[in-house]
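Annotated features in TrEMBL:
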type	residues	note
DOMAIN	A:71-283	domain 'ABC transmembrane type-1'
TRANSMEM	A:12-30	transmembrane segment
TRANSMEM	A:71-96	transmembrane segment
TRANSMEM	A:108-128	transmembrane segment
TRANSMEM	A:156-180	transmembrane segment
TRANSMEM	A:201-227	transmembrane segment
TRANSMEM	A:267-287	transmembrane segment
Amino acid sequence: MEKRVTFRGWMLPLLLIAPQVVISAVFFFYPAGQAIWQSLFIPDPFGLSSQYVGLGNFDYLLSDPFYRASFLTTAVFSILVTLCSMVPALFLAVIADRLIKGSGVYRTLLIWPYAVAPAVAGVLWLFMFNTRVGVISWYLGTLGYDWNHVLNGSEAMGLVVVASAWGRISYNFLFFFAALQAVPRSVIEAAAIDGARFWRRFWTIVLPLLSPTTFFLLVVNVVYAFFETFGVIHTITAGGPQQSTTILVYKVFSDGFVGQDLGSSSAQSVILLFVVGLLTVIQFKFIEKRVHY
Amino acid sequence: MAREVHGMVEKRGAGLWLTHAFMIIGVLVIFFPIWLAFVASTVTQQDIIQPPMPVMPGDQFWINYKNALFSGVNVPVATMLFNSLVMAIGIAVGKIIISLLSAFAIVYFKFPGKMIFFWMIFLTLMLPVEVRIVPTYEVVAGFGMLNSYSGLIFPLIASATATFLFRQFFLTIPDELAEAARVDGARPMRFFWDIVVPMSRTNVAALFVILFIYGWNQYLWPLLITTDPEMNTIVMGIKQMFPSGDDFAHWPTIMATSILAMIPPVIVVVGMQRLFIRGLVDSEK
């Protein structure tokens, strides 16, 4: 889309656009280019020179069992985070939508966790499940269950999933609630007069009408789980035990900064770049759908 | 309102109470971690390291918060709060300014290379800072911007979301306004200041709320570039308060810091709820 009316001159617009272009070039395009460039080299251990290896880093990565495991971990993690944040949110939104009065108060309370940074959420959940002082782990202990996410990989995964999904419930709730409010009342009325009970109406009318919102949220929650949960994982498990919670973004960090393996870290960045591109395309497609619905 | 009719079709007596009950349980479950953190910030270390800890607040509120704010563990939490504030406001204001300007240029002018710049900006939508951390770190280090506010702020404003938002909005401003301005001989920047900026007020405010929270809640980037505790932001500083060895972490201080870290964004979100929800919906469109 273009404006019919435009102003003349080209010096001024170039000047106006310059700050954004310069910042994007210096802090975005140059580093992204560097990542692609470095992914083709292996630096020597002293960082004095580096050797061109073509796609060697990629070959090595894709045959590396740890990297493959990290892909699987990321998939499991994002699916679980998406489910654990969307199902409770939908449930709460459906209940809030039934209320004529008071839903505003609940909404105000429910959006709190969205404001809590993932890293802080991580600390809160770590505190509850801490093996020595955690309240929940202590009560689990009295019930005979020995909670130890420091040693047990699935417990660690469960904990980072819940801590990541927690703040996301608020976000999803807001979108589901808005979508529910937009469902035409007349349709619900008609079904109610025909004798359809609440849950029947929900499954046959409301849920299909929510599908654009649901698809949209599916995509943005996966993107969130991929890229914005670093803080949760770093505070709770630091990728452990035995890399069982090392998602792809965490591995870029741990190989690049902790392991100082720049070639491999850059190659991972490039692979993630493709993943982001793919997710963005999917996101735009679904958002298109949402608009046309 | 149509919603009122809804009530008439179905009887809602016990059902209504049940609905409220479910809602209250939901809110309590969601709130539990925050409540527990608050309780932990008001009791002594002794109360916590002998589990189970109490579930009602103790009387150490002032002592713990004073200790956290003015002594902290590595650095007083007040310092970290200040750093976070500078970073969050810097990111929000910086991104809004550069985006308003470049969106204005893209929408209201025809100039050589316009489409190239447009796509250049568009591409930055796709790559979060987490993906390009190593090279971005090298750039920032090369400029000597480690442990500085500009190092914290600039790499995080290199993204196009806000530009797109403003572009979409500018396209809805009636052409007649620009026409009239041109007929009156108004300079483009005059039109920008007198018409475009005032009309964008709500969008700017909504975006500010979203960007403030985005900036405040950053973790990985400040973790990498602030090696000097004096420059730590509060969200990344909490993790630094944990001892590295087998020692007990000082939980009351850590939990007081966690509560302090969530207060500013919570105030922004709850206090500006309408703008926040609008910004959320806008920026995802």
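Keep in mind that glycine also has a Cβ here, set from the backbone N, Cα and C atoms.
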Beyond the flanks of the transmembrane segment (A:201-227) by 6 or more, those residues with Cβ under 8 Å of it: 74, 77-78, 81-82, 85-86, 90, 94, 164, 168, 172, 175-176, 179-180, 183, 187-188, 191-192, 247-249, 275-276, 279, 282-283, 286-287, 289-290, 293
Positions on the same chain near the transmembrane segment (A:267-287), where near means CB under 8 A and six or more residues out: 32, 35-36, 39, 57-58, 61, 67, 212, 215-216, 218-220, 222-223, 226-227, 248-249, 251-252, 255-256
Sequence-remote partners of the transmembrane segment (A:156-180) [C-beta within less than 8 Å, at least six residues beyond its ends]: 73, 76-77, 80-81, 84-86, 88-90, 92-94, 96-97, 103, 107, 110-114, 116, 118, 121-122, 124-126, 129, 149-150, 206, 209-210, 212-213, 216-217, 221, 224-225, 229, 232-233, 236-237, 240-241, 244-245
